Amino acid sequence: MLRSMGFRLVSAALKEGRVTPTELCQRCLSLIKSTSFLNAYVTVAEETALKQAEESEKRYRRGQPLGVLDGIPIAVKDNFNTAGIETTCASNMLKGYISPYNATVVQKLLDQGAVLLGKTNLDEFAMGSGSTDGIFGPVRNPWSYSRQYKEKTPPKSSSENEESDWVITGGSSGGSAAAVSSFTCFVALGSDTGGSTRNPAAHCGVVGLKPTYGLISRHGLIPLVNSMDVPGILTRCVDDAAVVLGSLAGHDPKDATTIQDTFKPFELPNLIDVRKLCIGIPKEYHAPGLSSEILALWSKAADLFKDAGAKVIEVSLPHTRYSIVCYHVLCTAEVASNMARFDGLEYGHRADMNKSTESMYAATRREGFNDVVRGRILSGNYFLLKQNYENYFIKAQKVRRLIANDFVKVFGSGVDILLTPTTLSDAVPYMEFIKEDNRTRSAQDDILTQAANMAGLPAISIPTALSKRGLPVGLQFIGHSFQEKQLLTVAKWFEKQVKFPMIQLEEVKRHDCSVFQHQKSVSFL
């Protein structure tokens, strides 16, 4: 039986003929149907996926697979362009839009023989931290249906159980995180502007990698904040994330912000010595609202490194306290600029309004965008007004530089990796989450993740333990710019130490999917 922890083992089974790409694809498609209540996928490209699996099968028969990703089922967040498959950004504005080209990252995965199962759910235009605000409805966290959670949650009456018992995935890449967590695919692409890959990874118990800005092409990723957006990688183990990174990284002539240097894919060592490492613990990440449970876990993780011989020191990133306000100003300003392209003239929704061009613009945007998107456009345009530009936008850019310099100073002082929490708490129930508006929730949920985006640094969330409620908790590692190998090596060492337990999902067990079986692990707590 194959372990679900890594697609490299599945790749080996494909080579040995123990399973065929078509069988693997069919099993994943079957699982997507049986877990459709999670609402992780907005489009399932069954016909296309089976054709791709068939082509992969032919290559394996000839003994000429394209690489370790050949025949591996993947999913892609619905804000990446996919030729021939609808790309909606979970918005009425783009409902029915089919791109004429693939995003560079999607094309690279397809060129490696990966099988694209479909597009995953998100907050509208990736604006949110719960994956609850898109037109397709909220994504449900697979752990809501796990034995671990059910055993720790007191039973409720049947009437309130259905509506209030399930917890959110985090966002905005919640569909991708849920897809990986529920075994419907082995790899999923997300996007990360302020934590949108790492946040749902932490809540869904999977690995979420945000690479250095410029390492992976943004071409074909529908932009939110050009200066911070990065394609993110969601997998079930660190080794898989390293393989996918190796396939995606490098210069793209279609994206001027990508690095010019050739990227050399790397394999992570199995024997890792952390004794020469210096791990920094930023005191400012002990943020208001941080749960005592996560604080204890953070402290325990630091002790793990200390006990293994690493140097662990407290460090200061003094401008962190200004980062969320700074992020909000810069984010909305760029959103206002980016959303201007959706005017009803070139693509997407167009309102049936013939009075004037201006009235058509207004009606199109009113009908096409939800309140969250319209609110961010309004905020951004306010900050960009001539009388406000210096006081808000320029000032925020200066603060952003100070935040980036904090990281430069800390890493320059000999610190190799920073260890922080990813989220303030474990996943909250949906009914509790929607009591607060999107902006308030995003400000709370992005507080520990968005600084890495503003500094352009690589960061990864690693599932660490289950909370007292039986839900995943993740911790974040932040590394030096373009030092993904060191970051992922440390993350792999930590992953091995904590032995995060596998989700026991009854829906999966009802399917005889030996390809997804996994040996039990000891919990970290």
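Cβ from N, Cα, C; glycine included.
Copied over from TrEMBL:
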DOMAIN    33-488  domain 'Amidase'
ACT_SITE  Lys77  active site, charge relay system
REGION    148-168  region 'Disordered'
ACT_SITE  Ser172  active site, charge relay system
ACT_SITE  Ser196  active site, acyl-ester intermediate
Distance from Ser172 (active site, charge relay system) back to the residue listed as 'active site, acyl-ester intermediate', taken between C-alpha atoms, in Å: 5
PLDDT averaged over the residues of the domain 'Amidase' (33-488): 96
For the residue listed as 'active site, acyl-ester intermediate', the number of other Cβ atoms found within 10 Å of its own Cβ: 39
Nonlocal neighbours by CB distance (under 8 Å) for Lys77 (active site, charge relay system), same chain, sequence gap 6 or more: Lys119, Thr120, Leu122, Ala126, Ser173, Gly175, Ser176, Ala188, Leu189, Gly190, Ser191
CB within-chain contacts under 8 A for Ser172 (active site, charge relay system), separation at least 6: Leu122, Asp123, Ala126, Met127, Gly128, Ser129, Ser131, Gly190, Ser191, Ser196, Pro200
